[in-house]
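All remarks here apply to the structure that follows.
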Amino acid sequence: MPDKFKRVHVVVMDSVGIGEAPDAAKFGDFDVDTFGHIAKHVGGLKMPEMGKLGLSNIREIEGIKKAEKPLAYYTKMQEASNGKDTMTGHWEIMGLYIDTPFRVFPDGFPDDLINQIEEKTGRKVIGNKPASGTEIMAELGEEHVKTGALIVYTSADSVLQIAAHEDVVPLEELYEICEFCRKITLDDPYMLGRIIARPFVGEPGAFVRTPNRHDYALKPFKPTVMDALKDGGKDVIAIGKISDIFDGEGVTESIRTKSNMDGMDQFIAVLDKDFNGMSFLNLVDFDALFGHRRDPQGYADALVDFDGRLVEVMEKLTDDDLLIITADHGNDPTYTGTDHTREFVPLLVYSPRFKNGGSELELRKTFADLGATVADNFDVKMPEYGTSFLRDLK
């Protein structure tokens, strides 16, 4: 068995699927292929760094040459859990199996839930649709200020958000309302991943969000590989929305990010730190800005930008580092609707230690194989699900 790695870096390209999963039809998805359809839409993707790692060796992506000698071990992973959302994907990556999917409400929330909120608060609810926070604030903020009605909205993720002006609904009241919403949406039929308080201030036409946002998430129902690492005295550095996804569980340091490029900046800064454990980065723009908005050109540009930053990442890695690049679900921007798509995700595993490059790994039947590999590397408690591929990395 080769020496273990001192640091493992997991990079999740949020929603960058690599082709329809065998059970996609069960999720209402037919002929979905995030990576493939984006590449086709733009007449080929220019991602030379991902190409060198072996992206097109997993399956050919237009514009990206197959590597004769891929630098990374490569395959794709199939999601086992019964869902295609961010929390399900990430929780499975870290060793959990999710039987009941988190619910999404692309047409707004049912009357029953809205009625409960109105009865409890004595305030009307306006909005009740998927929207970007800044847009709905501009659209309904003035009505909210005049009437005191709550702006309730969602996104393509499993989330209920409540926006309110701090002079109209005091923070304490807004937080109490969100706590009530959290309580009543823990189980079916709602099963929401997250409730978010979104306070704002200002005048019509110039409303701005304040830093007093508060998230009411669900904690993972069992310990994950992150908990095992933390309990084993290892570092778990969460970059981007990772800490939110796990509600802070198993995290030793959390670094917020403003965008994909800021995420890469923060990640590259973390690579300069001396630590023993895992860094875990989520790059959300692929999903939030381009997948849900069905913008294949914007998505393609973001992929090219990401590829361009990999040069800096590779320069910082030593033989003590293992880099794992993957995704958490698909979100084909050429598909109908605005929802995620049920897809395989890419898996690229690289270390400068691999002097002869990588080769194909077996197809992974669960994302949890990734978490199992991390646990195996650090000799901490193995997750219930997942099989380590550490021994296949020569």
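Quick reminder: no glycine exception, Cβ is built from N, Cα and C everywhere.
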Checklist entry - Looking at Swiss-Prot, Asp287, His292 are annotated for Mn(2+) 2. Which of His214, His340 sits in that same site? => result His340
Item to check | Additional site residue, Asp14, Asp23 [criterion: listed by Swiss-Prot with Asp328, His329 for Mn(2+) 1] | outcome: Asp14
Next on the checklist: Sequence gap of 6 or more, Cβ distance under 8 Å: name the residues on the same chain that satisfy this around His329 (Mn(2+) 1 binding site), in order along the sequence.
Outcome noted: Ser15, Gly17, Glu79, Lys84, Asp85, Thr86, Thr88, Gly89, His340, Thr341, Arg342, Glu343, Val345
Next on the checklist: Restricting to the chain of His292 (Mn(2+) 2 binding site) and a gap of 6 or more, list residues whose Cβ falls under 8 Å of its Cβ, or answer none.
Outcome noted: Ser155, Ala156, Asn331, Thr338, Asp339
Checklist entry - Hey, what's the Cβ neighbour count for Asp287 (Mn(2+) 2 binding site) at 10 Å? => result 29
Checklist outcome for this item: Whole-number Å distance separating the Cα atoms of Asp14 (Mn(2+) 1 binding site) and Asp287 (Mn(2+) 2 binding site) is 6
Checklist entry - Since the record lists Asp14, Asp328 as binding-site residues, which of them has the fewest other Cβ atoms within 10 Å of its Cβ? => result Asp14
